[in-house]
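These notes concern the structure reproduced below.
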Amino acid sequence: MAKEKFDRSKSHVNIGTIGHVDHGKTTLTAAIATVLSKHGGGEAQSYDSIDNAPEEKERGITINTSHIEYETETRHYAHVDCPGHADYVKNMITGAAQMDGAILVVSAADGPMPQTREHILLSRNVGVPYIVVFLNKMDMVDDEELLELVEMEVRDLLSEYDFPGDDVPVIAGSALKALEGDESYEEKILELMAAVDEYIPTPERDTDKPFMMPVEDVFSITGRGTVATGRVERGEVRVGDEVEIVGIKDETSKTTVTGVEMFRKLLDYAEAGDNIGALLRGVAREDIERGQVLAKPATITPHTKFKAEVYVLSKEEGGRHTPFFTNYRPQFYFRTTDVTGVVELPEGTEMVMPGDNVAMDVELIHPIAIEDGTRFSIREGGRTVGSGVVTEIVK
């Protein structure tokens with residue numbers, strides 16, 4: 001069977017369902033797909049087909065995730081749903097499923113619960129920029145005032161974690177009733193998706209961001225100069241562009257790209273996703289090394305101290321068998337290189353067990369080009385023992 005062509009005329013947005021266990025995330029996911037399929041946007045999905053999420057490996061971590069797609073009139077959505085709480089934690093920290101926005105599902109009958117709070121905090125830390133709220137199971141709540149009370153609680157909770165709680169769209173409905181075909185509740189699903197369409201902006205594409213390429217390898221070509229190779233992570237670079245070499249060394253240096261090659265062919269420019277060799281003017285072979293990045297000037301800076309949200313692999317995932325404490329000194333793997341760093345745990349956290357997630361402070365022995373949202377692995381002797389994301393630059 002010929003593959004269907006991906007329709008690029010609609011803008012593409014990645015979203016997911018978050019919230020406390022049993023509040024109806026998976027049922028809502030099935031309901032959205034099913035209701036939209038009646039309006040010509042994708043395939044209907046059953047609860048079971050989504051709940052039996054396949055196992056995936058991301059940076060050596062086992063994550064169960066369901067990916068489904070559906071369409072509204074203006075957009076194509078890729079939607080991720082996870083069966084277990086631990087899967088959400090891993091997913092959000094590793095960035096296995098990058099979310100441009102999330103639908104927070106809260107049971108109107110129960111109100112916000114511990115994982116509701118934890119998912120909001122995680123969203124804030126790992127950079128999920130927008131949240132829309134679905135108050136589920138409203139058919140189980142007879143009291144209009146109770147519904148209003150739960151809505152207020154959710155708005156306050158969002159504001160507590162720096163989301164605009166007063167402005168966030170909140171839609172009440174019943175995912176189960178909608179999935180069963182009750183028209184008044186199907187209407188609520190369409191209302192929810194209209195809010196998602198309007199409130200969650202279309203993300204900036206990687207190619208529109210400022211240029212950055214992690215350096216994987218360096219070699220010199222006699223008579224031509226030094227070439228740095230790597231995969232362009234974001235933006236685009238043109239022959240003649242000025243770039244900075246950032247990281248490892250304390251000082252950032254500038255150079256000009258005098259040539260761009262891909263598959264031994266010369267190009268005028270390269271963009272996000274391309275594997276290239278960049279010929280650099282006036283750069284000696286020893287002036288640049290793996291682990292640095294080439295970047296558009298003044299867009300990323302080298303740092304040694306940062307705060308991070310980290311998931312520590314369990315023993316079953318090939319992680320550590322024992323806990324670690326403050327002053328733990330593993331390797332932090334950023335993009336293409338390992339750098340030793342020292343961990344400081346938050347006050348009141350004695351130790352971190354395999355399988356935990358934790359906020360920590362890190363100080364690296366060399367500066368690395370990092371910014372909020374930069375992802376990294378924690379390794380010991382080449383074995384991955386953790387995965388993290390930078391939540392704040394300290395120095």
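Glycine residues also receive a Cβ, built from the backbone N, Cα and C atoms like all the rest.
Not measured: the values here are computed from a predicted model.
Swiss-Prot assigns the feature region 'G1' to one of the listed ranges (3-10, 19-26, 51-58), namely 19-26. Looking up the ranges 112-115, 136-139, 184-187 in Swiss-Prot, the one annotated as region 'G4' turns out to be 136-139. Cross-referencing 60-64, 160-164, 325-329 with Swiss-Prot places the feature region 'G2' at 60-64. Counted over every protein chain shown, other Cβ atoms within 10 Å are most numerous around K25 among the binding-site residues K25, H85. Of all the binding-site residues listed here (G19, D22, T26, M138), it is D22 whose C-beta has the fewest other C-beta atoms within 10 angstroms. Nearest to T26 (Mg(2+) binding site) in space, judged by Cα atoms and limited to the binding-site residues G19, C82, H85, M138, is C82.
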